[in-house]
Amino acid sequence: MGGGRWAAAGALLALAAGLLAAGSASEYDYVSFQSDIGAYQSGRFYTKPPQCVDIPADLRLCHNVGYKRMVLPNLLEHETMAEVKQQASSWVPLLNKNCHIGTQVFLCSLFAPVCLDRPIYPCRWLCEAVRDSCEPVMQFFGFYWPEMLKCDKFPEGDVCIAMTPPNATEASKPQGTTVCPPCDNELKSEAIIEHLCASEFALRMKIKEVKKENGDKKIVPKKKKPLKLGPIKKKELKKLVLYLKNGADCPCHQLDNLSHHFLIMGRKVKSQYLLTAIHKWDKKNKEFKTFMKKMKNHECPTFQSVFK
C-alpha cells in the first residue's frame, strides 16, 4: 500500500489543515463537537469531553496513517484507548490483504479520527469502494461487512474524508483473486501473531488430504496438536475437518505439498471450522522461530467481534 497509503493520508491531512485554518486554531487539546457526535450516534452523550491524544505505537491499524494525534471518544463510540485497540486489532489482518488502497484511511477516520473542531466522517462513496473490494476477501474468512460500518450512515454531499476523486476508486479495485486470501500471508513474526490473535483456534497439523466440496476446499487432518483450542472441544478434535471457504478454485500453494507440518489458524462459523491462515511449520526460518518465541508470552487483546 506504500505510496497510495501516504497519498491518501496527505489528502486527509490537507482537509484537516483547511478546517483548522478556518477555525483559527492550530491544535485542539479539547475539541468541541461532543453534541454533534452525540446527535449522530443515536443521541449518545459522553461523560468526559472529547480530547486529542497521541496515536500509540501499539494501535497497529492507524499508527502509520500519516498523522500523530486522534480524538477520543472516536466516531465508533469507543471512549477509551483500550477499547479502540481491542476493536481495531481485528481489522489489521484485512489491512494486510491490500484489498483496497483506501482501507486504512477509511477505517482510521472512524477508529482514530484526526483532531478537528467538529467530527468529519468518511465519504459514503469511499465506504462503498472499500466495502465492495474488501467484503469478498472477508467472506473467505466467514465474515460480512459489519452493521456498524453500513455505508448509508455516512455523508454523500457534505464535507467528508476522501482520498481520491470518486471515479478514481475503480482503478484501485483488485482484478480478481489469484491466491486464496487465507493462503496469501506474509511470513513475518508480527503478521503471524496478528493472525493468531484474530483467529479463534490454532493447531500444528499434518494434513491427510484436500478435497473440493460445495465450492470450498475440505481439509482432512492426519495429525494435530492444539496450540489454542478456542471453540474446539477436545472430543471434537479427533474428527476435526477444516474448510477453506470459497476456496475450491483458487490456489493455495501451501497445500501443494502435504509432506510438511503446518501452522493452521481458524475460526468457527456455525457448524464449520474455517481456515483463516496457513504457514509451513519451519523451525529453520528466522521469522517463524521469532514467532514461536513471541507466542509463548504474547497476550492477545480480548474483544467482542465487530463483525457480528
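The backbone N, Cα and C atoms fix where each Cβ goes, glycine too.
Annotated features, as they stand in Swiss-Prot:
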{"type": "SIGNAL", "residues": "1-25", "note": "signal peptide"}
{"type": "DOMAIN", "residues": "47-163", "note": "domain 'FZ'"}
{"type": "DISULFID", "residues": "C52-C115", "note": "disulfide bond"}
{"type": "DISULFID", "residues": "C62-C108", "note": "disulfide bond"}
{"type": "DISULFID", "residues": "C99-C134", "note": "disulfide bond"}
{"type": "DISULFID", "residues": "C123-C160", "note": "disulfide bond"}
{"type": "DISULFID", "residues": "C127-C151", "note": "disulfide bond"}
{"type": "CARBOHYD", "residues": "N167", "note": "N-linked glycosylation site"}
{"type": "DISULFID", "residues": "C180-C250", "note": "disulfide bond"}
{"type": "DOMAIN", "residues": "180-300", "note": "domain 'NTR'"}
{"type": "DISULFID", "residues": "C183-C252", "note": "disulfide bond"}
{"type": "DISULFID", "residues": "C197-C300", "note": "disulfide bond"}
Query raised in the report: Considering only the disulfide-bonded residues C62, C151, C160, C183, C252, which residue has the minimal Cα-Cα separation from C300 (disulfide bond)?
Result: C62
Query raised in the report: Tell me, by DSSP, whether C52 (disulfide bond) is helix, strand or coil?
Result: strand
Query raised in the report: Distance between C52 (disulfide bond) and C252 (disulfide bond) at the Cα atoms, whole Å?
Result: 44
Query raised in the report: How big is the gap, in Å, between the Cα of C252 (disulfide bond) and that of C134 (disulfide bond), rounded to a whole number?
Result: 19
Query raised in the report: Under DSSP, is C151 (disulfide bond) helix, strand or coil?
Result: helix
Query raised in the report: When a 10 Å sphere is centred on the Cβ of C62 (disulfide bond), how many other Cβ atoms does it contain?
Result: 25
Query raised in the report: Which chain-mates of C134 (disulfide bond) that are at least 6 residues away have a CB under 8 A from its CB, listed by sequence?
Result: L94, K97, C99, H100, T103, W145
Query - Distance [Cα-Cα, Å, rounded] between C151 (disulfide bond) and C197 (disulfide bond) - result: 27
Query raised in the report: Between 0 and 100, where does the mean pLDDT of the domain 'NTR' (180-300) sit?
Result: 92
